[in-house]
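Beneath this line is the structure, given in structure tokens, with notes to follow.
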Amino acid sequence: MSAIADSLTMLRRNAKHSLRDPVVLFNAILFPIVMMFMFVYVLGDGFDVGGGAYVDYAAPGMVMLALCYGMGSTATAVNSDMTKGIINRFRVMNISRAAVLTGHVVSTVVRTVLGMAAIVGVAFAMGFSPSANLGQWFAAVGILVLTVLAVTWLTIAFGLAAKSPESAGFFAVPLIMLPFFSSAIIPADKMGPGIRQFAEYQPFTPIIETVRGLFNGTPSTGSTLAAIGWCVGIGVVGYAWALAKFTKRG
Amino acid sequence: MTSSAITATGLRKAYGDKARGHKTVLAGVDLDVRAGSVFALLGPNGAGKTTTVHILTTLLAPDAGSARVAGYDTASETRAVRAAIGVTGQFASVDDLLTGAENLRLMADLHHLGKREGTRVVDDLLARFDLAESAGKQAATYSGGMRRKLDLAMTLVGRPEIIFLDEPTTGLDPRSRRTMWDIVRELVADGMTIFLTTQYLEEADQLADRVAVLDRGRLVAEGTPGELKRQVPGTHVRLRLADAARLDAAARVLPGATPDPDALTLRVPSDGGVKSLRSLLDRLDEYAVEVEEFSVHTPDLDDVFLAITGHQSTEAQTA
């Protein structure tokens with residue numbers, strides 16, 4: 001019981017951090033919305049996404065972008081906890097040690113899901129008209145939450161492995177670039193050779209395709225299985241790595 | 001409970017490093033700290049003070065040797081040790097984004113004090129440490145002295161039996177240092193055991209019942225501050241004279257003074273007070289002894305080290 005209570009205490013702490021740091025909120029919620037406006041209103045008409053409104057094509061990709069943008073602050077926060085002395089205070093207290101990590105995981109998942117919900121809300125305001133039924137909505141949300149959980153654990157592992165908060169924050173850069181080299185903005189088959197293969201085989205493409213398919217009411221079993229496989233893989237690697245680093249540093 | 005709050009036997013710790021090779025930090029340290037007393041571990045940077053604290057507070061396992069804290073083994077009864085101790089490290093470990101009150105509240109929640117008891121403890125500590133006015137401000141805005149106070153207050157939330165203070169006043173201005181000393185004295189009056197590490201002889205002298213001197217991972221002396229200071233030249237006045245004749249003249253009129261003919265200096269025992277300094281100067285004036293240089297010297301860590309180990313404390317410093 002005390003492990004749950006300690007985790008909730010740590011969650012409250014992390015939530016306060018998120019709310020007090022304008023950069024965290026901006027990255028997690030506002031910036032993806034700005035990107036969405038830019039792509040849909042400024043660039044969208046120039047893209048050929050094979051019929052249909054661009055906002056319908058872009059919404060799942062933008063949701064993925066929202067997921068990635070918030071992660072940098074988690075890596076930085078985890079690393080700050082480990083390098084700035086507060087972890088030593090927690091370690092010599094008679095508390096559940098994993099509570100520190102649990103607090104980060106839960107607060108990151110909650111913050112990211114809120115950011116993604118905001119993006120979907122804005123997409124609706126911009127004319128997003130998915131044809132998913134209730135079950136497909138649940139499936140899409142399930143895949144997205146699974147992705148958030150997996151990427152969060154990987155982020156936490158990076159935060160623990162990095163030497164300083166600055167280098168931990170740098171982890172976000174490739175993560176932010178990854179959606180651009182996927183089918184998030186335009187279909188992979190419209191890309192140049194090399195990039196196209198990369199886009200087709202990197203994890204975000206099947207995840208985005210799965211969500212897009214579910215939103216359109218035309219789910220694809222192949223990409224769904226690939227998406228789940230990637231999420232479980234990333235999650236397990238992230239979790240194991242994070243735990244190993246935490247035990248070593250903690 | 002036995003009368004010892006902390007005991008350690010043969011603590012050894014070495015760090016292996018591929019780049020720099022093997023480095024022994026602790027080379028067999030024995031400790032015995034009486035319950036309800038203040039014990040100071042005195043030593044320069046790199047002597048092994050923080051490593052000792054880390055071992056005693058379960059943060060680090062020794063390579064050899066064992067330690068009991070509050071009656072529990074630090075290796076096998078980790079949780080019981082943690083429940084009995086409080087640690088305030090060298091660098092204030094407060095949460096910068098939380099306010100002073102929220103930092104204390106965080107500790108109260110982690111100690112499962114409950115809402116009402118938690119609020120009471122937090123308010124008490126804020127008042128006691130003179131932090132009530134800044135309780136609503138983020139810790140990032142606090143001065144160095146306030147951060148240390150908040151840090152210590154956070155340590156006290158769990159009402160520990162034994163408190164470890166790792167260099168509690170390093171980097172503080174003299175006024176904050178005195179405030180910290182007063183706080184430590186109050187804790188002792190409450191019956192807590194304090195294990196303190198410091199680089200300052202004066203701090204050990206002011207606070208500790210017993211002092212151990214740590215040098216390059218070994219204890220080189222242990223005793224009361226008085227016993228330790230007896231091994232060290234006390235406060236004295238140092239006079240430098242222009243030549244040997246004047247040195248002789250000065251030595252003749254100042255009984256108890258020790259001349260150093262090579263350096264042309266004269267060491268005169270003195271308490272360093274205004275009264276005795278005035279009478280010393282008057283006497284030199286009376287006998288028309290011309291003095292080139294006049295300085296009052298109070299013993300510091302360097303003197304202790306020079307007297308006990310025969311080398312300067314800075315030599316033990318590691319880069």
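For all residues, glycine too, the Cβ spot is worked out from N, Cα and C.
TrEMBL does not curate its annotations; it predicts them automatically.
As annotated by TrEMBL, transmembrane segment applies to A:21-42 (among others). Beyond the ends of the transmembrane segment (A:21-42), by six or more residues, the same chain brings 54-55, 58, 62, 65-66, 69-70, 72-73, 111-112, 114-115, 118-119, 122-123, 126, 185 to within a C-beta distance below 8 angstroms of the stretch.
Positions annotated as domain 'ABC transmembrane type-2' by TrEMBL: A:23-249.
TrEMBL lists A:57-78 (among others) with the feature transmembrane segment.
Per TrEMBL, transmembrane segment is recorded for A:99-125 (among others).
Here TrEMBL flags A:137-161 (among others) as transmembrane segment. For the transmembrane segment (A:137-161), the list of distant contacts is 63-64, 67-68, 71, 74-79, 82, 101, 104-105, 108-109, 112-113, 116, 168, 171, 175, 207, 210-211, 214-215, 219, 224, 227-228, 230-235, 237-239, 241-242, 245-246, 249: same-chain residues at least six beyond its ends, Cβ to Cβ under 8 Å.
The feature transmembrane segment is assigned by TrEMBL to A:168-188 (among others). Sequence-distant contacts of the transmembrane segment (A:168-188) (same chain, at least 6 residues past either end, Cβ-Cβ under 8 Å): 39, 47-50, 58, 60-62, 64-65, 68-69, 71-73, 75-76, 78-79, 151, 155, 158-159, 162, 195-196, 198-200, 202, 204-205, 208-209, 212.
The transmembrane segment annotation in TrEMBL covers A:224-244 (among others).
Residues 14, 17-18, 21, 23-24, 27-29, 31-32, 35-36, 39-40, 44, 47, 49, 101, 104, 108, 111-112, 115-116, 118-120, 123, 128, 130, 144, 147-148, 151-152, 155-156, 158-160, 162, 165-166, 168-169, 171-173, 175-176, 178-179, 182-185, 204, 207-208, 211-212, 215 of the same chain sit 6 or more residues outside the transmembrane segment (A:57-78) yet have a Cβ under 8 Å from a Cβ within it.
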